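Working notes, beginning with the structure itself.
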Amino acid sequence: MSQTLLPSSLLSQLGEREADTSSPLSLSDRRTLTGMILCVGLVCLSVLGPYIAMMTSEGASEGSSVRQFSYLVLLAAVLIWAAPWRKGVRVIAVPLPLLAALVWCWLSVIWAIEPEIALRRLLLTTSVIWSVCILVHGNGYRKSVDALRIAMLIILIINYLTVWLAPEIGMHLGLDSWVGTALAGNWRGLTTHKNFAGAASALCLLLFLFDAKHIDFRIRVAVLLAASIFLYNSMSKTSMGMVGLSAVIGFSYNSIDRKLRQFLLPIGLLIICALATYSSAYLDVINRLYMAPTSFTGRGKIWSALMLYAKDHPFLGAGFESFWNIGFSSPIFIYGHGYETTVTVGHNGYLDLLITVGIPGLLLIVWGTLLWPLLRVISNERIDAAKGTLLCALILFCAGHNVTESSLFERDAFTGVFAIFAAAFASYTLPKPGKGRRRRSRAARAGNDIMAEMNVRMNKT
């Protein structure tokens, strides 16, 4: 990025020299700045999406036309910025694993219980995924990650201001009958729910914890401290647990041999998900025995109903996003009774995928958003260690977070959006495998040839 795009104080933090600010921005500088602004706008829109939807929603099944229109406008701006008519369609391509998952989701609209709702929600999901892939491909890794940091810092500031200036909005006050009295006093900022606020704070922590040495240490410490305080006050247990595990695994990334971590990290991912699933499923029993009754989560009852439906519809499911929030045609009123019929999400991203797009869709989406990116990162021999640490931490956080919350291919749910960012980074920004090895082998052969020639000449003399 040209130095003229940033103030001198920020340039000094990034280790860049201050340039002559009197010169106009070049075309390349304007393109870089536009790409970062679009990336920041996409992330902010995603994180604040629940609040926008709450303020502008036309009904549970109708969604928010303002929110949907905003993403379509953003996609149009991203396409214009990418200029595929000049640079070729490659700049707007979607990685094949993600494309395969999207194709199955589009096919599922055919058998969806509510095809109109499924089509509208899938259009939003596709717009978000496509925008992310184009932006990462055009901006590259460093600019995209810095844009994510800027966006999450903006969200953190907005959340703090909401808590301080409008506590009736920024905190659960016990008056929200739809969320239960157990959440009274928890911070949520402008994200409408403590679990959203917790995830946003946790992702902000990871972004400023790993691969951020080019940022002034004092700024990093201040942001990490502020994000930690907000995460604690949100009391989002899933985000607290997952950010801790992701940080530990991230720090251990460099200390584990590359060949060994190709096996240990995927196994660790499975163990984390299994433990999180078990503990969350039986948390209601623990709460009833040792905590206040108002802490009852009810996830076990929800998951039981979802498993019953999945048993009857294992291959196709209900169709993309055609299980929750579709009115009385939802199968939850058949397979669930009481509490589970009042919720609008399964609180498990994998189960929600299973009941909507079936086993094929679940496998394709998990492969495209989590497993394939993780394997690409840990198997790459030439990846920068700091970069690999951050990408692994983000992927593992998103994977574990979806054990108790739903965000994978869940329209613009921002934890799922971060998983798409990680997948795009793994697809477009990793060093080419084996390239360095070929260069070294050529150099080695050249050196051997020189030594052989020298030996021949010495023998002749």
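Keep in mind that glycine also has a Cβ here, set from the backbone N, Cα and C atoms.
Note that the structure is predicted; figures quoted are calculated from it, not measured.
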Annotated range (TrEMBL: transmembrane segment) out of 119-138, 219-238: 119-138
Contact between the transmembrane segment (353-373) and the transmembrane segment (193-210) (at least 3 Cβ pairs under 8 Å, separation 6+): no
Chain residues in Cβ proximity to the transmembrane segment (193-210) (below 8 Å; excluding those fewer than six residues from its ends, i.e. six or more beyond): 47, 50, 145, 148-149, 152-153, 155-156, 159, 172, 179, 183, 186-187, 220, 223-224, 227-228, 230-231, 234-236, 238-240, 242-243, 246-247, 250, 386, 389-390, 393-394, 397, 401, 405, 414-415, 418
Averaged pLDDT, computed only over the residues in the domain 'O-antigen ligase-related' (223-366): 80
